[in-house]
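J.: For reference, the structure I am asking about is given below.
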C-alpha cells in the first residue's frame with residue numbers, strides 16, 4: 001500500500017474525528033493492548049486478526065512460558081515483567097507450546113503456537129514466528145494521534161539541538177527525527193537530496209514509506225491473500241506459503257476493503273438515532289437490573305432471616321428442654337443426698353430413731369416404732385443396692401443435624417426454567433471405571449455445566465459423604481471404583497449461578513471381579529466359512545453358507561448342523577476375572593462360558609460330519625447331555641441362550657418343570673470366573689445380578705468360549721475389548 005493511499009485513509013478517518021462522528025475519547029478501548037492493558041506500542045497483527053504490542057509478544061512467548069517451564073510454582077514470570085497483566089498460561093497450554101512451539105538449536109523447522117490474549121485461542125505463527133507478522137501501521141498512527149490529542153500541552157522536543165533542546169516544528173519521515181526550524185534548515189539544505197525528504201508535523205511515530213514482506217525482506221508487498229487475509233509479495237505467490245492461495249492486487253484489495261469499511265461506517269452513522277435509543281434502553285435495563293438485584297437480595301435476606309428465626313426458636317426450645325431436665329435431675333439427686341444424710345448418726349432418721357428408743361412407755365413406743373422400723377428397713381435396703389436417683393448423661397438430648405446440614409449445603413437458587421437432568425441407565429456402564437451418561441428430557445442444552453455426585457453404599461456407613469466431579473458434557477468417566485460394590489449417582493445442571501434440583505438417585509453395581517480384556521481369536525479353531533468377525537475382532541456372527549446347503553443335498557431325512565466355536569485370544573490361569581457381552585435378539589442358539597485348553601483342543605480338532613444323523617451336538621462333552629455331568633467338576637461350563645431366553649442348566653434337585661429354568665435373556669450378559677475357588681458365575685450385567693453359578697475345574701488354562709448355531713451374533717462390551725479400559729468421552 002503506497003503512502004498516498006494510506007495518507008488518504010488517515011485523512012478520511014481524521015475527518016470523521018474532526019466532524020465529531022467519532023471522538024478520540026470513545027475509541028480509547030480500541031487502542032489498548034489486550035496483554036499489557038496500555039496503549040499499543042509497535043502493534044503486530046496476529047493470524048486471528050487481533051493486534052498486540054511487539055514487546056508483549058516477545059515477553060509472552062520467550063519470558064512467561066520459559067519461566068513457567070522452569071518453575072511452574074513461582075510467580076517470577078509476572079513480577080519480573082510489569083507490562084504483562086495476563087494470567088499465567090495453564091499447564092495444558094504450556095504442554096501444547098512445548099510440543100509444537102519454537103525451540104532453540106532445532107534443525108527441523110517447527111511452527112510457533114501463540115496464546116492470543118484477545119480471543120484466548122492458540123494461533124499458529126508459522127515457521128518464522130514473530131518475524132512473519134506485519135506491523136499494524138494504521139493502528140500505530142491512530143494511537144499516535146490519540147497520544148497527541150491526549151497530551152496537547154506536551155511539546156515534542158528537537159532531537160538534534162544542543163542542550164537545552166528547542167521545541168520541534170517538523171518531523172522528517174525519512175530521517176525518523178524531529179527538528180526545530182533552525183536544525184531542519186541545517187540538516188536539509190536547499191539543493192540537496194535531503195531537501196526532498198518528506199516531513200510532517202511534530203510526531204514520535206515514524207513508519208516506513210513502503211511496506212516490506214516479512215518473509216522476503218527485500219521485496220515490497222504488492223498483493224493481498226484472500227485466504228490468509230494479509231499482504232504478500234510476488235515471491236510468496238510464486239513459490240512460498242501462499243502459492244496455492246487466491247490473491248488479488250493491492251489496489252483492488254484496498255478499494256474493496258475501503259469501500260466495505262466506508263459503507264459499514266456510514267451505515268452505523270445513519271443508525272445513530274437507533275443506537276442512542278438502544279443505549280437509553282440499556283440504561284433503563286441497568287436501572288431495572290439494579291432494582292431487581294436489590295429486591296432479590298432483600299428477598300434472600302428475608303428468607304435467611306426466616307431460617308434464622310426457625311433455628312432460634314428450635315434452639316430456645318431445645319435449651320429449655322435441656323434446662324428442665326437438668327433441674328429435675330438435680331432436684332432428685334439433692335433429695336437423695338438429703339435422705340442419705342439422714343442416715344448419719346445424730347441427724348435425720350437415725351437421730352429421730354435414737355430419740356424414739358428413749359421412750360419407756362411400751363404402748364407409745366410400739367405405736368411409733370412400727371412405722372419407724374419400716375423406714376429404717378428401706379434405708380438399709382438402699383444402702384445395700386446403691387443407685388443414683390437420676391442419670392448424669394444427656395445422650396438423649398443430642399441433636400442430629402446431618403440431614404439438615406446436607407439440605408442447607410444444597411441451598412441455592414432454583415429456577416423453573418432449568419430442566420432437571422436424568423441419568424440414562426441404559427447408556428451408563430459400570431466396570432473398573434464407570435461411564436455415567438445423562439440427558440434432558442424436556443429442554444436440550446439447558447445447562448452449561450454439571451455436577452455429578454456419587455457415593456458408595458454400604459451397611460457400615462449409612463450416610464457416606466458424596467464425592468463430586470464437574471463435567472462440561474453429558475457424560476463423565478469415574479475411575480478407581482471398588483469391585484462388587486454399589487454406588488449411588490445423582491447429577492444437577494448449572495447455568496450461571498442458577499442450578500437445577502438434583503436428579504433422581506440411580507444405584508449401579510460394579511462387577512464381582514476386575515474386568516478381563518480380550519478379543520475374539522481369529523486363528524485357533526476359527527471357521528471363516530461359517531463365522532464372520534468384524535475387523536476389530538469385537539463381534540462375531542454366524543452364517544450358514546454354501547457348505548451347509550451342499551451337505552443338505554446328500555440326505556433325505558434332515559440336516560444336522562454343528563456348533564461353531566470361537567474363543568478369546570487370552571487365557572486365564574489364576575485370579576478372579578469378569579467380562580461381558582451382548583447376544584443379538586435374533587440369535588437362534590448360542591452357548592457361552594469357559595473351557596480349558598485341553599477341552600478346546602478336543603472340540604476344535606475333532607471334526608464332525610455335519611450330515612451324520614448319528615451325531616447329536618451337545619454342549620461340549622460326548623455324553624450327549626449336559627445334565628448328566630452336573631455333579632462332576634469338569635474343565636468347561638457352557639450355558640444355552642437363544643430366542644431371547646436364558647436357559648439355566650437342570651440340577652438333580654431341580655423341579656422337572658422346565659419352565660422354571662427359562663428366564664428372559666438379559667440385554668448384557670456377564671461371566672465371572674474365579675480360578676482360585678474353581679467357580680464360574682453367569683450374570684445379568686445390567687444389574688450385576690448372578691443368575692447361575694457352578695463349580696468348574698480350573699487346573700488348566702481357561703479361555704472365554706462361545707459357540708453359535710444358525711443365525712446368531714455376539715458383541716463384546718467396549719470395556720472388555722479396550723486393553724487399558726478407557727472410555728471415550730463421545731460414547
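Glycine is no exception: its Cβ is also placed from the backbone N, Cα and C atoms.
All annotation found in TrEMBL is predicted automatically rather than curated by experts.
The feature domain 'RING-type' is assigned by TrEMBL to 33-85. For 208-250, the entry in TrEMBL reads domain 'B box-type'. Feature annotation from TrEMBL assigns domain 'COS' to 357-414. TrEMBL lists 420-513 with the feature domain 'Fibronectin type-III'. If you look up TrEMBL, you'll see 498-725 marked as domain 'B30.2/SPRY'.
Relative to the rest of the structure, where do these features sit?
T.: Through the fold, the domain 'B box-type' (208-250) approaches residues 1-3, 45, 47, 49, 126, 128, 131-134, 137, 173-174, 198, 256 of its own chain, all at least 6 residues removed from its boundaries and within a Cβ separation under 8 Å.
Helix first, then strand, then coil: DSSP counts for the domain 'Fibronectin type-III' (420-513) stand at 0 helix, 46 strand, 48 coil.
Summed and averaged per residue, pLDDT over the domain 'B30.2/SPRY' (498-725) gives 78.
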J.: Over the span of the domain 'B box-type' (208-250), count residues by DSSP class, listing helix, strand and coil in order.
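T.: Helix, strand, coil within the domain 'B box-type' (208-250): 7 helix, 11 strand, 25 coil.
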